[in-house]
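Following: one structure in structure tokens, then a few remarks.
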Amino acid sequence: MMHRNQTVVTEFFFTGLTSSFHLQIVLFLTFLCVYLATLLGNLGMIILIHQDTRLHIPMYFFLSHLSFVDACSSSVISPKMLSDIFVDKKVISFLGCAIQFCLFSQFVVTECFLLASMAYDRYVAICKPLLYTLIMSQRVCVQLVIGPYSIGLISTVVHTTSAFILPYCGPNLINHFFCDLLPVLSLACADTQMNKHLLFIMAGILGVFSGIIILVSYVYIAITILKINSADGRRKAFSTCSSHLTAVSILYGTLFFIYVRPSSSFSLDINKVVSLFYTAVIPMLNPFIYSLRNKEVKDALIRTFEKKFCYSLQDKIL
């Protein structure tokens, strides 16, 4: 015990995903493709929105920031995870662990409130169409983007500071593939109940607050859509929200499973599997959800490809 108290942890080791070499190959190739698709999809969405003037409206302003957050959150985790797959000692420094958690937490919380901002935007567009340009001014849109980043920063600073000022003087093997809060706290040489309660309370408050904004917005949207007489009008109105609802359901369901349910319900190993979904898969899915189910994005893609094709054809002729 004396040796445990005198040892200060300067680095952590990850257990990783699997020790089977054949599975490692499969996982590496799978998540390399997922990561490349994430970067291609999200950066492509940002470039498309920037280049196509018809997409210079609030809805796509928020979507470009969502794509930026997805690309960043995936880049915080995936490169390190991929480089560790074939390595026996999956090591990260104490400071590196704190930075990884800090950045990832920032982007996850920001994404939750960006989705809330997008829900409010859809509410105004469908329920108050005549006042849309007045309400969703450039100033309001900027505020609805700065707000999520600010809330994410505050939440992250609280959790990172409270977790990494604890003494770590014993085991330094994290049962995970990245520095998530609960696996790190399990290694602390102090009582972590306060930290776990803080995580549960803040995750609950932030989740409920952003969730209420989304829920109330969609209740009003649903009421308005049901008042539309034509079936075609109802279908068009709902189609503008379906992509957003899909993204919200996937993200909130996964985060609730990890952070809000009682910690004793499932093991850290199950958390690890679920974490793969929201660290790697969700950032990849969002741009495809919004592009495949959105006519304006598909039309913008077609216009971009046609423009590029025409330019290349002109160059060949000239």
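In case you wondered, yes, glycine gets a Cβ from its N, Cα and C as well.
Cys189 (disulfide bond) has a Cβ environment of 16 other Cβ atoms inside 10 Å. Under the heading disulfide bond, Swiss-Prot lists Cys97-Cys189.
Feature annotation from Swiss-Prot assigns N-linked glycosylation site to Asn5.
According to Swiss-Prot, the feature topological domain 'Extracellular' maps to 1-25 (among others), an assignment based on sequence analysis. In the predicted structure, the topological domain 'Extracellular' (1-25) carries a mean pLDDT of 77.
Feature annotation from Swiss-Prot assigns topological domain 'Cytoplasmic' to 47-54 (among others).
Feature annotation from Swiss-Prot assigns topological domain 'Extracellular' to 76-99 (among others); the stated evidence is sequence analysis.
Sequence-distant neighbours of the topological domain 'Cytoplasmic' (121-133) (same chain, 6+ residues past either end, Cβ-Cβ under 8 Å): 58-59, 62, 144, 217-218, 220-221, 224-225, 237, 240-241, 244. Residues or ranges marked as topological domain 'Cytoplasmic' in Swiss-Prot (evidence: sequence analysis): 121-133 (among others).
Proximity of distant same-chain residues to the topological domain 'Extracellular' (155-196), defined by a Cβ-Cβ separation under 8 Å and at least 6 residues beyond the stretch ends, is recorded for 4-9, 11-17, 77, 80-81, 84, 90, 92, 94, 97-98, 100-102, 104-106, 109, 202, 206, 263, 268-269, 271-272, 275-276, 279. What Swiss-Prot lists as topological domain 'Extracellular' is 155-196 (among others).
As annotated by Swiss-Prot, topological domain 'Cytoplasmic' applies to 218-237 (among others).
As annotated by Swiss-Prot, topological domain 'Extracellular' applies to 259-271 (among others).
According to Swiss-Prot, the feature topological domain 'Cytoplasmic' maps to 293-318 (among others).
If you look up Swiss-Prot, you'll see 26-46 (among others) marked as transmembrane segment.
Feature annotation from Swiss-Prot assigns transmembrane segment to 55-75 (among others).
Tertiary proximity for the transmembrane segment (100-120) is limited to same-chain residues at least six positions away from its ends with a CB under 8 Å from its CB atoms, namely 59, 62-63, 65-66, 69-70, 72-73, 76-77, 80, 92, 144-145, 147-149, 151-153, 155-157, 159-160, 163, 178-181, 184, 206-207, 210-211, 213-214, 217-218, 244, 247-248, 251-252, 255, 278-279. Taken from Swiss-Prot, the feature transmembrane segment applies to 100-120 (among others).
The annotation transmembrane segment is assigned in Swiss-Prot to 134-154 (among others).
When Cβ-Cβ distances below 8 Å are used as the criterion, the transmembrane segment (197-217) is approached by residues 109, 112-113, 115-116, 119-120, 122-123, 151, 155, 158-159, 162, 181-182, 248, 252, 255-256, 259-260 of the same chain, each at least six residues removed from its ends. Summarising the annotation, Swiss-Prot assigns transmembrane segment to 197-217 (among others).
Per Swiss-Prot, the feature transmembrane segment maps to 238-258 (among others).
The local packing around Cys97 (disulfide bond), expressed as other Cβ atoms within 10 Å of its Cβ over all shown chains, amounts to 23. Secondary structure of the topological domain 'Cytoplasmic' (121-133) per DSSP, as helix, strand and coil residue counts: 12 helix, 0 strand, 1 coil. In the three-state DSSP scheme, Cys189 (disulfide bond) is classed as coil. Comparison of 55-75, 134-154, 238-258 by number of C-beta pairs under 8 angstroms to the transmembrane segment (26-46) places 55-75 first.
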